[in-house]
Structures are given as structure tokens and as C-alpha cells.
């Protein structure tokens with residue numbers, strides 16, 4: 001049953017287009033996009049994510065700067081480091097790898113990144129732009145990746161019923177705003193929702209971003225369900241599984257993303273797409 005969505009293949013298509021676009025920009029401007037990644041500490045999972053971002057960036061011609069800092073750094077000192085990156089005209093985009101140590105004020109750090117370099121889309125100004133509908137500057141990359149996958153397999157979303165399980169600022173909330181703009185009827189559920197399966201089993205599209213390994217079994221879906229599994233749960237060392245019981249659900253739904261190989265590669269692709277956007281926006285600002 002060929003209903004498994006290959007997120008890696010879709011991401012590679014985006015990266016191939018970005019590579020050509022970057023080559024054209026270099027020929028026109030003699031400059032390249034540059035991504036700064038701020039990593040605090042040596043969390044093994046964070047290190048793997050950062051390496052993947054750097055590897056994919058280099059493949060398409062984006063330079064990277066890794067700023068690796070000690071877990072003992074104070075919030076104000078980290079803000080000072082981010083301000084240095086904000087003022088560096090050679091830096092197109094900045095990401096702060098999450099999670100941060102509990103001693104650091106995450107909200108202050110995310111707010112310190114210049115909105116024009118906030119390619120993660122976490123700055124309050126960019127969040128406000130998205131939810132107000134006034135404009136869309138930078139949007140969280142996982143939400144963009146989910147929307148791209150959904151539209152690939154369901155191009156006309158008008159009137160579709162979507163359940164998002166998860167209310168985070170990274171996935172649930174921004175994706176709900178994007179889907180509302182596509183004229184979907186969106187229901188947001190979470191870990192405290194009662195009778196969850198009675199809600200999800202009647203809907204067209206289910207996005208699982210609850211952070212609970214293999215929680216969603218076959219009873220949560222119907223044969224026409226499109227299932228987007230955003231969960232990344234590490235078990236038994238380096239093994240990664242999603243929020244959906246993939247082995248038992250896959251044959252009982254219309255389409256499903258695997259973990260790994262589903263939304264993860266799409267998130268990185270849109271992170272780099274946002275980096276190129278930031279670079280182009282900076283060129284426009286310099287020309288004014």
C-alpha cells in the first residue's frame with residue numbers, strides 16, 4: 001500500500017530549487033546567504049539537529065556560523081551575543097536551538113533576535129503578523145512543512161476539517177492560522193482533551209504534535225484520514241518514533257507521514273527557504 005508520504009523526497013525538491021536560486025543570487029550580487037546557529041550546551045539531540053541543518057545548508061550554498069556557548073551563560077550575556085549577530089550585516093538569519101537550559105529566560109532570548117533575521121518565526125512581532133493576518137513575515141518552519149505536505153496530497157483545502165493535536169507556538173498555533181487562511185475548519189486538541197478519538201476519527205486531516213510516543217492508534221482515524229505525524233520521541237538511545245502507532249495505522253488510513261523521514265526534512269527545508277528569504281529581504285533594504 002503506497003500511502004506513505006516521503007518527506008525527504010519533497011524536501012529535496014525544495015532544496016534543489018533553493019540551490020538554483022542561491023546560485024542566481026550569487027551571480028547577481030556576489031554575496032551568499034549566511035545562517036547563524038546559536039547552540040547552548042551539548043544536548044545530544046540538539047547537536048544532531050544542528051549538524052543536519054548545517055549539512056543541508058552547505059549542500060545548497062548557504063554559509064553557516066555555529067555559535068556554541070556554555071550552559072553556564074546568563075540570559076543577559078546570551079542576549080548580548082545575539083545582538084552582535086543582529087548587527088552583523090553578513091548574517092542573513094539567526095536561529096537559537098531549543099531547548100535552552102532552564103536557567104535561561106527563553107522568551108527574552110527569542111524576543112532578542114531581530115524580527116528581520118528571525119527565520120524560526122518565534123519573535124512576538126512575527127507571531128503577531130501571522131495571527132493578525134496583516135502580513136506573513138517569517139512563519140515557524142515546522143508549520144510551513146506540514147502545510148506543504150498537506151497541500152501536496154490535498155490541493156484544495158477549502159471546507160476540509162482538520163484536527164491539530166498540540167497547542168505549541170512551534171506547530172499547533174501557527175499551523176492553525178495557516179489552515180484557517182486556506183478556509184479549513186480547524187479544531188485544536190491537546191493532552192487534556194476528553195474523548196480525543198471521537199473527535200479525530202471523524203475528521204479529514206489529523207496533525208499529531210502532542211509529544212507522546214505511539215499514543216494515536218488505529219481507532220483515532222478513518223480510512224480517508226490524512227495523518228501528519230510531527231512527534232519526535234527518542235527511545236532506546238537514538239531510536240526515534242512518532243506520536244502515531246505507524247505500524248498498525250499505516251494500512252488503515254489514506255496517507256501518513258513516517259517518523260523519521262516525514263516532517264523533519266521538510267522543517268529543515270523551510271528553515272533554509274526562510275534563510276534565503278531573509279537574505280533577499282536584506283538586499284532590498286540595502287537598495288532602498
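Start at 1 and count along the chain as shown; that gives each residue its number.
Every residue gets a Cβ built from N, Cα and C, even glycine.
Here Swiss-Prot flags 166, 167, 168, 191, 232 as NADP(+) binding site, drawing on sequence analysis.
Features recorded in Swiss-Prot, as mapped to the structure shown.
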| residue | record | DSSP (3 states) |
| --- | --- | --- |
| 166 | NADP(+) binding site | coil |
| 191 | NADP(+) binding site | coil |
| 232 | NADP(+) binding site | coil |
Using a 10 Å radius around its CB, how many other CB atoms surround residue 232 (NADP(+) binding site)?
20
Site with most surrounding Cβ atoms, counting all protein chains shown within 10 Å, from the binding-site residues 168, 191:
168
